[in-house]
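According to Swiss-Prot, the features are:
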type: BINDING; residues: G630, P631, N632, M633, G634, G635, K636, S637; note: ATP binding site
type: REGION; residues: 830-849; note: region 'Disordered'
Amino acid sequence: MSAPLEHHTPMMAQYLALKGGYPETLLFYRMGDFYELFYADAEKAARLLNITLTQRGQSGGQTVVMAGVPFHALENYLTRLIKLGESVAIAEQVGEVGAAKGPLERKVVRVITPGTLTDTELLSDKAESLLLSLHQAARARCGLAWLSVTQGRVHLAECAHDELGAWLARVAPSEIIYSAGVTQRFEQQLQALRQSGAFDCPMRTRPDWQFDQALGERKLLEHLGAASLQAWDAQDLGAAQAAAAGLLAYAEHTQGRALTHVHSVQAQRGDELIDLPGSTRRNLELVKTLRGDDAPTLLSLLDNCMTGMGSRLLKTWLLEPHRERHQARQRLSASTALRGAAAGAGPWATLREQIKGASDVERITARIALRQVRPRELPGLVKTLQKAQLLAQHGQIPEPYLMQIFDQLHPPEGCAELLQAAIAEEPAALVREGGVIATGFDAELDELRALQTDCDGFLLDLETREKARTGIANLRVQFNKVHGFYIEVTSSNLERVPADYRRRQTLKNAERFITPELKAFEDKALSANERALVREKWLYEQILDRLQPHVPALTRLAQALATLDVLCTLAERSLTLNWCAPQFVSEPCIEIEGGRHPVVEARLAETASGSFIANHTRLNANTRMQLITGPNMGGKSTYMRQVALIVLLASIGSHVPASSCRLGPIDAIHTRIGAADDLANAQSTFMLEMTEAAHILHAATAHSLVLMDEIGRGTSTFDGLALASGIATHLHDKTRAFTLFATHYFELTDLPAKARHAINMHVSATESGADIVFLHEIQPGPASRSYGIQVAKLAGMPPPVLHHARRTLAALEERAGAGQLQVDLFAAPKEEPESKSASPVEAALAGINPDALSPREALDALYQLKRMAGK
């Protein structure tokens, strides 16, 4: 508000002072049983939450606009706001009533943002809440740092500006922060990336001074307890360290304390992971279907994990496969050992049964470190620690990776015992409600509780004595939270009330009194209750203090338990779905016998729609490209996707849906499959297709797998054919990537005659009268025809349309048979003339750095170039 604080009422002055620290955040201000919002916050909340907007009184010469929500329904409203990308600051009453003049003391106790969630009610069991920080560095470089507050690991990376979109799509943050000092061009790039779909989350600016490289390095070293970042291969990531400074400052700001549970840093290099662009993740339906649903996807098929932390880890494995095979071999060896020699013979089933029901140790540990853990989470943690101790006894399984995991499952000494002794078996939801600390843990608390327990006996005894003394048979001695203890007498018996009865409350048909004896007991009992609650709160804080040294060990245990959960799940899935172990080799190849599409096969089994037709794939040094032709609905896209999914599954260390699989080095999986117009960004299907194809041609290498499906649609036949042939030739001759190239242009089947590493394949179909039967088999050679009219018939096309189409097709085929000059689509293009040495203008232009010029310098440079060009 514009008026100075001294012109406002004391309460509104307090509110505005708090709000000043959180100008871009909705402030929930606790008032009794409600959280109130005022002024612009109230108007925004009323609109977003559909709650009532009211006006009440004036402050600072203006009407106070307000809206509120009940305190007991807070989590519901927070969930809705977070899903809308909003952030919320919670201001609680921290002072005692009557302790000071003026309004009750309040302070902001936590800030809830989409990227820093820790509350169980706000988090999805199977998804992380990720905060990502960006730092614009020199030479068109960018530093990235991100973390999940509940996980406690900081990730660092650096990239060129033109690679930022790919990194944001890979990380998929829930919230992005960046320095307020970035250039306008960088900010425009971020907005363009969000519009393009590279990410979809709120962005916020933070003070420029927080993004300091030296500060970031110091903070990271403090968290690691180390003198150098060299052991984490992060010593040379200065831009990422600057991003980490902003990241940790913001995360600490939202949690209201240091992140003491952050003990791990992971530096990620662009060449460490198999590249899975956003189009690949989308087209292969890894975690979302093309319609945006969670199932059926590859993740939904794989995820039979028993814990939420296992599900989250499996998703990370799936989206971050490593190029180097050591990790995949490790996981594959472990899951194979868990499988045993045959179904039911391995230890996976026993282990999964023991893991079942385990608490989310990862998130509980983070909340312990942040002192936000709820009492009801702790008994579950005790049971999980006991489960972990039993699981650790399986360490005799003779498999190196599993032995490491079991070794980390031993609970920290004394942790479970402390919690078992200190926390009630069924504690209250909140400490302030009492009943959290177990009986017998603290003698003083037990004594205070005994006073409360004796209350019922005293009241019954007093009621008996007062009935005898007054002769009032229906006299009652009772208690409520508003009026305390009282003796209730009906109106018809008021003449019998003794002189020492003092009136406390008048009702319609009765009066309530208190006596000196009852008043003395009330003071003692209520005091005991208040003191017991204070004692419980103090004891709970002491317990959290004693748990802090166990946080690192609990974090390691959580990671081990999640890893074991995923490995057992992969073992179970491989047995249930009849998958085989892939073989990793050094020579370049993708050789699959009896490959199946895992999701399609599972859907067929669920719906009893028949069995999946397996197919072989052989790509190696001699055959790097398959040109696939055949009718629509024949299975071309399914075949191509299944090859990519098998490669991906093998790369994460899973068994694969095939009879056998040999896989060489892979650095990326690129896909160009299907499209729809991007109306929001004014891009047609054809433009999207060409954009994605261009990206693939620039990014793919000889170790990449490329899927190209029906490239060239959306323009004229000749244009599409020419482009398709050019793209296929480039992939074969220049890129030399492993390529599955499905096409409806039969002219492209001439390519293998001139390209030594390409072969024709087709999806088989057969005619039965006027109908078509799809065999879904991939066979050598080109397709003989496309069966488009038969497919149209299956789709329900009206008979007159089909009749017209058949006559037109016959005429076109007859005309084509008359013979015309055949254009050689695959003739080597004429060499482009060698580029001449750069002209003076070009040399001068190449030496200009537009980002380093002031507007005046840019104008001077332009005139200089103009003069040079005119000579």
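Quick reminder: no glycine exception, Cβ is built from N, Cα and C everywhere.
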Legend entry - ATP site shell beyond G630, P631, N632, M633, G634, G635, K636, S637, criterion: Cβ within 8 Å of Cβ centroid: V763, F774
Legend entry - P631 (ATP binding site) CB neighbourhood, other CB atoms within 10 A: 21
Legend entry - binding-site residues: N632, S637 - member with fewest neighbouring CB atoms within 10 Å: N632
Inset, instruction - Translate the DSSP assignment of M633 (ATP binding site) into the three-state scheme. - result: coil
Inset, instruction - Quick one: among the binding-site residues G630, G634, G635, which has the most Cβ atoms sitting within 10 Å of its own Cβ? - result: G630
